[in-house]
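*Asks:* Per TrEMBL, the feature S-adenosyl-L-methionine binding site maps to G128, T129, G130, S131, G132, D151, F180, N196. As annotated by TrEMBL, substrate binding site applies to N196, P197, P198, Y199. Summarising the annotation, TrEMBL assigns domain 'Release factor glutamine methyltransferase N-terminal' to 12-81. Residues annotated as domain 'Methyltransferase' in TrEMBL: 124-202.
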Amino acid sequence: MSQTETWTVRRILQWTTDWLSKQGVGSPRLDGELLLAHTLTLRRLDLFLDPDRPLSPDELQRYKAFIKRRAAREPVAYIVGKKPFLHWELTVTAGVLIPRPETEHLVQAAQDFFNQQQRAPHTILDIGTGSGAILLALLDHFNEAQGIGIDISKAALACAQHNGEQLNLNNRAQWLYSHFCDDLPHESRFDLILSNPPYINSDVIPTLEAEVNQWEPRLALDGGVDGMQAYQQIIPAAVARLNPGGLLGVEIGHDQGPRVAALMQQHGLQQVVVHKDYAQHDRVVLGHR
């Protein structure tokens with residue numbers, strides 16, 4: 001790619017699609033568009049409205065640096081520093097799990113539970129908060145609730161704190177370092193506890209796409225030999241901190257529904273239900289006291 005040539009939006013995207021495809025990137029055209037829009041501080045739509053816009057030498061240099069990172073299989077979210085979640089774009093930094101559409105089902109299922117009962121939770125706990133996506137979405141929906149997001153990753157807590165500031169929700173959120181519920185005040189009790197824990201079998205992680213197994217934090221992915229390690233710690237600890245009538249919800253892998261549901265029932269939760277995601281895979285388990 002010569003910097004002495006004229007590179008328009010159309011031409012650079014055609015070149016990028018071909019080059020990233022040869023590097024094994026799964027969505028080369030989309031990623032090229034996202035990175036170019038970020039480079040030019042434009043919306044993706046603007047690229048199509050002005051496809052003959054030439055890139056300046058500085059813009060071309062910045063864009064080349066971004067696509068080299070993408071060719072190394074660094075996720076787009078880490079390169080641009082943000083990821084859509086529900087109706088927001090959240091900041092995402094290296095070392096923090098990238099929010100996924102599947103997790104929106106966990107948030108929606110909890111909202112639906114309380115909406116159907118025509119009541120709202122006053123206290124919310126998000127175990128393994130990561131970017132803060134789950135807790136912030138719930139605080140936005142339940143606008144009188146207070147919440148705590150816990151994590152053992154300082155990078156995650158810093159990212160969640162930043163997102164809370166950007167969304168003006170930190171007046172109702174606390175971000176605390178804690179291994180599951182171990183470091184919470186003994187008297188803390190909650191109406192709603194949610195978690196998207198690590199649930200991938202340890203031996204599966206090396207087989208995942210490079211964007212995941214080489215770049216995202218293993219701490220947020222590895223669920224142990226059978227993927228159940230985190231649930232075995234979270235569920236009894238969460239049940240002990242649920243108020244009467246409170247709800248526990250967790251995200252799960254597609255084949256974990258029966259095992260996680262049985263574990264919730266074993267620890268005394270009622271009306272345990274498994275919810276499916278957009279692809280009709282088991283994705284969320286809810287149970288209440």
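Along the chain as shown, the residues are counted starting at 1.
Backbone N, Cα and C atoms are what each Cβ position is placed from, and that goes for glycine too.
Remember, predicted model here, so these are calculated numbers, not experimental data.
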*Asks:* Out of P197, P198, Y199, which of these binding-site residues is nearest G128 (S-adenosyl-L-methionine binding site) by C-alpha distance?
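*Replies:* Spatially nearest to G128 (S-adenosyl-L-methionine binding site) by Cα position is P197.
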*Asks:* Looking at the binding-site residues G130, P197, which sits with the largest number of other Cβ atoms within 10 Å of its Cβ?
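*Replies:* Answer returned by the neighbour count: G130.
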*Asks:* Which chain neighbours of the substrate site, leaving out N196, P197, P198, Y199, have a Cβ atom within 8 Å of the mean position of the site's Cβ atoms?
*Replies:* G128, S195, I200, A220, L221, G223, A230, Y231, V250, E251
*Asks:* Around the C-beta of F180 (S-adenosyl-L-methionine binding site), how many further C-beta atoms are within 10 angstroms, looking at every protein chain?
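*Replies:* Result for F180 (S-adenosyl-L-methionine binding site): 18 other Cβ atoms within 10 Å.
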*Asks:* Do any residues at least six apart in sequence from T129 (S-adenosyl-L-methionine binding site), in the same chain, have a Cβ closer than 8 Å to its Cβ, and if so which, in order?
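*Replies:* Listed in sequence order: L135, G149, I150, D151, A156, L157, A160, W175.
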*Asks:* Quick one: Cα separation, S131 (S-adenosyl-L-methionine binding site) versus P197 (substrate binding site), in Å?
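*Replies:* Each residue's Cα considered, S131 (S-adenosyl-L-methionine binding site) and P197 (substrate binding site) end up 13 Å apart.
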*Asks:* Below 8 Å Cβ to Cβ and six or more residues apart, same chain only. Which residues does that give for P198 (substrate binding site)?
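*Replies:* In sequence order, G128, L219, A220, L221, D222, G223, Q229, A230 meet the Cβ cut-off.
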*Asks:* Of G128, G132, which of the binding-site residues has the most Cβ neighbours inside 10 Å?
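*Replies:* Within the set of binding-site residues, the most crowded position is G132.
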